[in-house]
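What follows is one structure encoded as structure tokens, with my remarks underneath.
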Amino acid sequence: MAMIALKCPDIQVVVVDIAMPRINAWNSDTLPIFEPGLDEVVKACRGKNLFFSTDVERHVAEAEIVFVSVNTPTKTSGLGAGKAADLTYWESAARMIADVSKSDKIVVEKSTVPVKTAEAIEKILNHNCNGVNFQILSNPEFLAEGTAIEDLMKPDRVLIGGRETPEGQKAIEALKDVYAHWVPTDCIITMNLWSAELSKLAANAILAQRISSVNAMSALCEATGADVTEVAYAVGKDSRIGSCFLNASVGFGGSCFQKDILNLVYICECNGLTEVANYWKQVVQINDYQKSRFVKRVVSSMFNTVSGKKVAILGFAFKKDTGDTREAAAIDVCHGLIGDKAQLSIYDPQVTEAQILRDLAMDKFDWDHPQHLQKPLNPVDTTKLVSVVVDAYEATKGAHGVCILTEWDEFKKLDYKRIYEGMQKPAFIFDGRNVIDVAELRKIGFIVYSVGKPLDPWVKDLPAAPPS
Ligand code: UDX
């Protein structure tokens, strides 16, 4: 919305939310999320044509176009638990729009939703509001966190789906006009509603599939002595495949990939497409396998036990340049190591101690729920086994092992000699993001494990099957 305000000075944008602290933060000097470049955009427009308010009903009533961006977490109970999208927030937003509307509106689905959600929303809107005409559009967002501003400035494409009626087409044109302020019109694709809704799930599933494919290869590389970086480079040089999104890692995270694939799986199952559902499920299963494989590597390399040993965790966010930890691989890896009674010392440049402790006290299903729904901290595990520190040197001091779980640039530039000197010997380093120079670190004296790279003899010679 900030980008629309920046690029369309003729349009008044009001962002509304029922959460007062969040809106207050958007109106303050410290924005509630860290995103490179966002501060500048918000500060350039705020108070001119960009406003943040908790007066939801008034602003929705006044608007011509309403973008709905409420969250759609995975359902945690009832029918489809663990897979289907929970549309509670969407439904209550639609009911509120119906209640307050006195004039015709275009309602835009911005949140990622299951295919055919627009149909349900249309029914809620049209059965609850007399005399007002609603057009529903699907306009999925493809920005990635950490590069949101760049992605919004120059999107690969903007997708707009709508009804194939004259009114539907008119609504599509109205939204197209907004984006046409800065996006070349040949990058604005229009289609039917269901195609637009499905395209978003399909794009995320196929992106995640690339990572699971390369991660599956990384296991085979470790077993054979091949190097996954070389393999991915060679494979990506094929212009039909391309080089992006082929970095092996400890596993993908983020608020979208797993949620959207599980959602896709559920839609396939509901349509009786068991084979298709199983195919996509495997992408998530390989991701879980990759995380547990990493934990096993750590434990088996460190003489089959990490109990009571200090292990430094460098990086907790699901990727660099964000403070977001939703579905971060670090959460699962830390849980695995805590299960083996490791003493964790965690450092991330953007994630607060409170967030880390909250994430580690969560049950798996709770993670993508709003904070007020989350369980209180589990004081036993968190205070006994986890400490959160302010830099990488403190985290690694006296540690037996170091795990790099987010690819923050600063981890490439650390003084590893100093880190080595401060650690217990033998000093292990497990690079879950392939950011360090393996040869250089081995020269210093580290025993190094890097995902999908030829194994250090120390790592290799240890028993392959760790304790379960
Ligand atoms: C993703 C999609 O890219 C975006 O289009 C969609 O709108 C939302 O979901 P995001 O979750 O912000 O965006 O991050 P993304 O850059 O896609 O990374 C997702 C995860 O995959 C991260 O944990 C990242 O570290 C991991 N990843 C990415 C890899 O492990 N290897 C890669 O090659 C690329």
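Glycine too: its Cβ is placed from the backbone N, Cα and C atoms.
Automated prediction, rather than curation, is the source of TrEMBL annotations.
The feature NAD(+) binding site is assigned by TrEMBL to ASP17, ARG22, 70-74, 111-112, GLU145, 256-259, ARG326. Of all Cβ atoms in the protein chains displayed, 20 besides its own lie within 10 Å of the Cβ of ARG326 (NAD(+) binding site).
Taken from TrEMBL, the feature active site, nucleophile covers CYS256. Counting every protein chain shown, the Cβ of CYS256 (NAD(+) binding site) has 23 other Cβ atoms within 10 Å. DSSP assigns CYS256 (NAD(+) binding site) to coil in the three-state reduction, outside any helix or strand.
The annotation domain 'UDP-glucose/GDP-mannose dehydrogenase C-terminal' is assigned in TrEMBL to 312-438.
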Close-lying binding-site residues around ligand 1 among ASP17, THR74, CYS256, where CB distance stays under 6 Å: CYS256
Secondary structure content, the domain 'UDP-glucose/GDP-mannose dehydrogenase C-terminal' (312-438) (per DSSP, counts of residues): 48 helix, 19 strand, 60 coil
CB within-chain contacts under 8 A for THR112 (NAD(+) binding site), separation at least 6: THR72, ALA85, PRO140, GLU141, LYS200, LEU201, ASN204, CYS256, LYS259, ASP260, ASN263
In three-state DSSP terms, the structure that THR112 (NAD(+) binding site) belongs to: coil
Where THR74 (NAD(+) binding site) falls in three-state DSSP terms: strand
